[in-house]
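A.B. asks: Please see the structure below; I have some questions.
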Amino acid sequence: MNTPAFDHNLYAGCAAQIISHTRELAAKGFTPATAGNFSIRMDADHAAITISGKDKGRLTEADIMVVDMANTPVATHHRPSAEAALHTHLYRRYPDVGAVLHTHSPTQTIAGLLYADQGRVRLRDYELFKALRGRTTHETEVDLPVVPNSQDMDELTASVDAALDAANNWGYLIAGHGLYAWGRDISEARRHLDAFEFMLGCELELRRLGAR
Ligand SMILES: CSCCC(=O)C(=O)COP(=O)(O)O
Ligand SMILES: [Zn+2]
């Protein structure tokens with residue numbers, strides 16, 4: 001008998017977690033049309049990830065597939081997210097990252113455009129910093145990197161890699177596109193995503209008020 005390419009029970013558990021979070025994020029309006037992609041690391045060599053082009057508010061287990069860390073589909077003919085390379089880049093760069101979430105909320109999309117020239121959104125004095133792993137005080141600055149958008153995934157991955165070398169964080173924005181956030185598991189990735197969404201919303205409001 002052939003050895004299965006991956007543990008099906010592990011895959012099914014990952015798919016269930018992805019579906020649960022994506023439905024909630026879609027209901028918030030964070031995945032317009034078919035935007036967004038989501039993954040969980042299954043083991044050192046595999047990740048469960050959304051298939052490209054699906055409505056992320058209506059995912060079923062059949063809409064989640066497995067790739068290896070070079071983005072090659074495993075035991076399927078489906079096509080992974082067009083941005084799978086950005087997920088596996090994070091899994092390769094950070095061995096302790098267990099989940100990656102990508103959304104396109106209006107706040108994330110607008111903030112990416114407004115701060116593209118600066119290459120970062122400098123966040124200051126937010127109590128919500130404590131939602132980010134490793135942060136214990138509001139009395140600091142946190143730079144959220146902003147990289148230019150590109151349809152060339154090698155170019156985009158290289159921009160992200162350089163931006164994270166300069167300002168290591170739990171997320172980054174792609175200008176005019178959306179947010180990538182990650183964590184050691186999907187709950188932590190979601191907490192980071194929610195925290196960035198909130199702080200970016202505050203930054204946009206402060207700009208509207210002329211305070212930034
Ligand atoms: C319709 S949104 C354009 C592609 C994108 O940015 C995205 O997040 C969804 O792409 P996928 O291939 O993962 O469905
Ligand atoms: Zn996207």
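Just so you know, glycine gets a Cβ as well, placed from its N, Cα and C.
Remember, predicted model here, so these are calculated numbers, not experimental data.
Quick paste from TrEMBL:
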type	residues	note
DOMAIN	16-204	domain 'Class II aldolase/adducin N-terminal'
BINDING	H102, H104	Zn(2+) binding site
A.B. asks: What's the most sparsely packed of the binding-site residues H102, H104, counting other C-beta atoms within 10 A?
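C.D. replies: Output over binding-site residues H102, H104: least Cβ neighbours within 10 Å is H104.
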A.B. asks: Average the per-residue pLDDT over the domain 'Class II aldolase/adducin N-terminal' (16-204) and send me the rounded value.
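C.D. replies: Over the domain 'Class II aldolase/adducin N-terminal' (16-204), the predicted model scores a mean pLDDT of 98.
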A.B. asks: Work out the three-state DSSP category of H104 (Zn(2+) binding site).
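C.D. replies: It is coil.
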